[in-house]
Amino acid sequence: MCGIVGYVGHRPALDVVIGGLRRMEYRGYDSAGVAVLDGAGALNVERKAGRLANLETQLDTVGRGAFAGTAGMGHTRWATHGAPVDRNSHPHRDASQRVAVVHNGIIENFAALRAELEADNVEMASDTDSETAAHLISRAYTEGDTKGDFPASVAAVCRRLEGAFTLVVTIADQPDTIVAARRSSPLVVGVGEGEHFVASDVAAFIEHTREAVELGQDQLVVITRGGYEVTDFHGDAAQAKPFTVDWDLSAAEKGGHEYFMLKEIDEQPEALANTLRGHFDGGRIILDEQRISDQDLRDVDKVFVVACGSAYHSGLVAKYAIEHWCRLPVEVELASEFRYRDPVLDRATLVVAVSQSGETADTLEAVRHAREQKARVLAVCNTNGAQIPRESDAVLYTHAGPEIGVASTKAFLAQIAANYLVGLALAQARGTKYPDEVAREFAELEAMPAAVQKVLSTVDQVRDLGRRIADSKAVLFLGRHVGFPVALEGALKLKELAYMHAEGFAAGELKHGPIALIEEGLPVVVVMPSPKGRAVLHSKLVSNISEIQARGARTIVIAEEGDETVRPFADELIEIPAVPTLLQPLVSTVPLQVLAAEIARTRGYDVDKPRNLAKSVTVE
Ligand code: M6R
């Protein structure tokens, strides 16, 4: 969850590192720190609790003169071990202050390592697991077989570490070299002219180069001005995967918007179009990587979708489509629960793992569990080459572009679209849909970017509503069929952005308990199904709305244009375009995103960086 960047080259390292941290702050914002090697043997470190801005102010106070070197590294933290205070901020140093380390992940055996160091009279300066790595690397570098060998010292320590980690290490004696290593946490190398970068995410260096190399599991890289070298943790040469980043700097910047999230909401039509592009060719749905044969797809007798948060909600939407199109049972599981409840999996099970980042620890572990049980795994992911797609048998990339706002918006819509493609690919392989039916479904999907654009052109009304209900204590969300996951997503957005109590319910459950929550003035958002496409459910929901209105709730109804039956029951009516039933979440979610963002803004919260959260949850 933390963001890491390292640089060796010809530019002032501090500027490169701070620029990189700015673009990675979405990964964690509890504290930030930098280390710069000045070339004359000094390793200068500054770190500060809170946002990156605090660190920058601190640097201005102490003076940036000491940070004039062209090699350095930085870190933005999401706290795991130890409170978010200055002394727990990275970089951490060894006792001699000659070795500095930044770390992402969790060193699971840190208690034993710490005890070993303390028994050796090493005094710990922080409460973190990460600091142990600095002391161990220092010891490896100053004694024993690896003495004086920087990469070998890091590799030797990596072999002892358990858990997930990305480490970037500097040693004052070697001012032109940075060593980085990874296990189950992301690390990419940026390849420039006379300069090299290491980072958790390409966003950190996209301003300088789009040529990147993705490190594999248990690999280590040494970067210098002139090149980079990848090995495994035993020092043997290893293959890493070069790639060119297919988006540019503007995609990682706000482009005139107040927040990334607002920009990302606006980018949804494009994100959807990009996700669909190229996936229907020669009359067939095409995935990006497919190492599962059509015969295996035909043999599938059960589908699990595993995911977390918004990605999980996209899976709940997919269930309706996949069951309908493929006549296959689909279970949607919270990835964090999946492997702990002994799910019934075998070769005929297809597990669809949905993750924007591709590095969510719970989802990754669910994938690993599924593969151990011989199930086939198909990843739906927004991040090229991330760990989850790497460990899967097939991959469908969403092409939503970088999503920086912590709250998922465009990635969520892209996941819904991609999940539908997975459903169509299965239906096509299994023959539960004729080719012309698959083509028709795809054409309907292709019409969705324009429908989402239409919703976006009408959201001023939603913003106004958001300002008017911003002081409510709670908001409830109701939906049925595919509107139910939309209600869950609307509630999640409001919780994470506005820190308000919000719950999503299947409207049919109302009378089984939640109606007791209804009180005078409580805003209740209802996602209406189409009066034509789902007439029976529509009339049941109209009854539900009238029941809650009779009990004093303030009804906010999201309904298809021209749905006049619902108008008398809506204190606020938000109209969305009429689209095929299964595709409605792509339009009905958008007002809920805008509503949550506007309520959060009105309450004075940072929409991009909600408290206690981080974009990628790389720890369980
Ligand atoms: O990167 P992933 O899609 O695996 O992330 C899953 C969730 O952590 C994520 O969707 C989270 O719930 C978002 N903050 C929701 O807005």
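Backbone N, Cα and C define each Cβ position, glycine as well.
The following features are taken from TrEMBL:
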- CYS2: active site, nucleophile (ACT_SITE)
- LYS615: active site, for Fru-6P isomerization activity (ACT_SITE)
- 2-226: domain 'Glutamine amidotransferase type-2' (DOMAIN)
- 293-432: domain 'SIS' (DOMAIN)
- 465-610: domain 'SIS' (DOMAIN)
Model confidence for the domain 'SIS' (293-432), as mean pLDDT, reads 95
Run through the domain 'SIS' (465-610) and tell me, per DSSP, how many residues are helix, strand and coil.
-> 75 helix, 29 strand, 42 coil
What DSSP reports for the domain 'SIS' (293-432) is 68 helix, 28 strand, 44 coil
Reduced DSSP state (H/G/I helix, E/B strand, rest coil) at CYS2 (active site, nucleophile) is coil
